[in-house]
Ligand SMILES: [Zn+2]
Ligand SMILES: [Zn+2]
């Protein structure tokens, strides 16, 4: 008992000594595969750099192009609202990335890393009866072993490539808050830039939306010269005078980027709202769909009349009808199952 307590507070080198320093014990420890702790572990995922680039781009354009082009009275609200949303988004993104979503038992294990291999002839799954044969410890009911992070994750939802981390019980709410703040920010950025783009063509005689037009109208009133029709409004990029074409191009690009980001986030957030109503995790939904597909394949395989009808329907449109082997339906269904499973794996890893 004393040995165990002592070992918990000691590091890896001390552990080797406690185990007796024998060659077997040292080899056993060193042959274990390392587990990822969080989304900052190397290698980083390329999508993390994309997120960073988009956040910096939106922050710079909003503060140095979009808001300065709005009427002066709107500008304080413009700076403040998006600052709050963007900062909240960055914080939730960072927290969801940094949190280690591992199962509690993994966090308290004496030996880190996992067993180097799993004997599939003995164990069909890594976790059986709540025992993970890779992590070599008991885990929670809804814990799953993520092959990318190489550890069991508590109430596993999915492995998120945008965070480069798993999403589980410990960071699920932060992940949803990250999606929500990201969606709010991208909708505001896309909408306001779209408004500026439209206003360029419609606001020239009013100056209600674009500050450069308001300035032009003010100048014309003061000088009593009709510069509204003859003058040219001065647009700015990063507080420096710039041609209106460059201003319009940046505003259009930001509008498109804002709405693309909104579309992706609406899709993702909508999917998680659907899961919330269904009381399922992403992983459970995938397994449920896979089981349905399995049952359907088995039903077709066990009912030759269905097979034959489907085969006839398929082959009737083919010029090779007369040479097609009759037993093709089973390999086809097996292949389609593999494709479906592959598709599901891809979808699950991309969420
Ligand atoms: Zn595990
Ligand atoms: Zn993972």
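Here the Cβ of each residue, glycine as well, is placed from N, Cα and C on the backbone.
TrEMBL has this to say about the protein:
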TRANSMEM  49-71  transmembrane segment
TRANSMEM  77-99  transmembrane segment
DOMAIN    127-287  domain 'Palmitoyltransferase DHHC'
TRANSMEM  175-201  transmembrane segment
TRANSMEM  246-277  transmembrane segment
REGION    298-327  region 'Disordered'
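Listed as Cβ neighbours of the transmembrane segment (175-201) (distance under 8 Å, sequence separation of 6 or more from its ends, same chain) are residues 58, 61-62, 66, 69-70, 78, 81-82, 85-86, 88-89, 92-93, 96, 157, 160, 163, 167, 208-210, 213, 244, 247-248, 251-252, 254-255, 257-259, 261-262, 265-266, 268-269, 272. Counting same-chain residues at least six beyond the ends of the transmembrane segment (77-99), those with a Cβ under 8 angstroms from any Cβ of the stretch are 38-40, 48, 51, 55, 58-59, 62-63, 66-67, 70, 160, 163-165, 167, 170-171, 174-175, 177-178, 181-182, 184-185, 188-189, 192.
Long-range neighbours of the transmembrane segment (246-277) within the same chain, counting only residues 6 or more positions beyond its ends whose Cβ lies under 8 Å from a Cβ of the stretch, are 54, 57-58, 61, 65-66, 69, 176, 179-180, 182-183, 186-191, 193-194, 196-197, 200, 235-237, 285, 351.
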